[in-house]
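One structure is given below, encoded as structure tokens.
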Amino acid sequence: MEGQRTQRRGYLKDKATVSNLVEEEMENGMDGEEEDGGDEDKRKKVMERVRGPSTDRVPSRLCQVDRCTVNLTEAKQYYRRHRVCEVHAKASAATVAGVRQRFCQQCSRFHELPEFDEAKRSCRRRLAGHNERRRKISGDSFGEGSGRRGFSGQLIQTQERNRVDRKLPMTNSSFKRPQIR
């Protein structure tokens, strides 16, 4: 979470820097260039000077796998965002930048093949985190807010209570044993 905040601050700082540069360039009159077209044209020229040509910002509409020519303009948003076609997102291996890799479903990016267990679709790192969260055992994990529902959850709750009951000594002074005569 802290990393996201830091990244966001950095992004906002960069964005503010670009805004300041644009305003500064506009105030200076583009360093003696002639004004032909108004504020909007001027702003575009300044933005191009600050950020670089707009062609650098246009994302590729093709799958990033080597020699794949699938056009992603009609693909689902997920595939466009990650620049991978549906076939290569589910493939056991693909060549990206000359290296054999597999698309990780958890990270939504390509990893080298040794980072996966056998035919798994998630890298070891993300899979380990997922399994850790699944197996986490704490007092809160069996409460109402847990993801466990139904009979098996009730059975686990009962087993946990029995374990606790067996460990508690019977030293309560208000407890009276029934006497059989």
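In case you wondered, yes, glycine gets a Cβ from its N, Cα and C as well.
Note that this is a predicted model, so its numbers are computed, not measured.
Annotated in Swiss-Prot:
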COMPBIAS  1-10  compositional bias 'Basic residues'
REGION    1-58  region 'Disordered'
COMPBIAS  22-39  compositional bias 'Acidic residues'
COMPBIAS  40-51  compositional bias 'Basic and acidic residues'
ZN_FING   60-137  zinc finger
BINDING   Cys63, Cys68, Cys85, His88  Zn(2+) 1 binding site
BINDING   Cys104, Cys107, His111, Cys123  Zn(2+) 2 binding site
MOTIF     120-136  motif 'Bipartite nuclear localization signal'
REGION    128-181  region 'Disordered'
COMPBIAS  170-181  compositional bias 'Polar residues'
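Proximity of distant same-chain residues to the motif 'Bipartite nuclear localization signal' (120-136), defined by a Cβ-Cβ separation under 8 Å and at least 6 residues beyond the stretch ends, is recorded for 90, 102-107, 111.
Around Cys104 (Zn(2+) 2 binding site), the same-chain residues six or more apart in sequence whose CB sits under 8 Å from its CB are Phe110, His111, Glu115, Phe116, Arg121, Ser122, Cys123, Arg126, listed in sequence order.
Cα-Cα distance from Cys68 (Zn(2+) 1 binding site) to Cys107 (Zn(2+) 2 binding site): 21 Å (rounded to the nearest whole number). For Cys107 (Zn(2+) 2 binding site), the same-chain residues that are 6 or more apart in sequence and have a Cβ closer than 8 Å to its Cβ are Ser122, Cys123, Arg126. Those residues of the chain, other than Cys63, Cys68, Cys85, His88, with a C-beta within 8 angstroms of the mean position of the Zn(2+) 1 site C-beta atoms are Leu62, Gln64, Val65, Val70, Val84, Glu86, Val87, Ala89, Ala94. Mapped onto three states, the DSSP output places Cys68 (Zn(2+) 1 binding site) in coil.
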